[in-house]
Amino acid sequence: MTSSEIHMKVKSCDMMYLCTPEEIAINPLCGTDGRTYNSLCEVKKVSCHGSPVQVPTVIFADNAKCRLERAFQQNIASKRNGSAIFIPECEPDGTYSVVQCHRSTGYCWCVTNNGKPIPGTSVRQRKPKCSPQGESKRVFHDSCVVRL
């Protein structure tokens, strides 16, 4: 390639020429290379420069938050022998499971749609009964309830 051909290739892969404003907007998603990209435009730019990356299924941050947090925590756990690291459970659609459990402590609790613990729902060695929205329906008879 000549220097002018390289310049044209770089210019054609510039976000301004390659992407719509909607594609430039920050909406994290996963590429087929396993990396998380800040936008669809980033994926298109990397692909334009010759990488075979694609977006298998566009899952935006609202549905991917649990998966991203899970992957992040699994990565940390793999580097620290994982025993005390909490790794969230996700539904197939990428949302948080309504009941979360910490394997090493034995505690389980209800969470909101965005994965935040609901105060007063934590129990040890069993799972609380949570509504689909994450609100606890359990009546507590325990002498000790850990509040997260």
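Including glycine, each Cβ sits where the backbone N, Cα and C put it.
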Whichever of CYS101, CYS108, CYS130 is disulfide-bonded to CYS110 when TrEMBL is consulted: CYS130
From CYS90, CYS108, partner that TrEMBL gives for the disulfide involving CYS101: CYS108
For CYS101 (disulfide bond), the number of other Cβ atoms found within 10 Å of its own Cβ: 20
Nearest-integer angstrom distance between the alpha carbons (Cα) of CYS101 (disulfide bond) and CYS110 (disulfide bond): 9
Rounded distance in angstrom between the Cα atoms of CYS108 (disulfide bond) and CYS130 (disulfide bond): 11
Integer average pLDDT (0 to 100) for the domain 'Thyroglobulin type-1' (63-130): 89
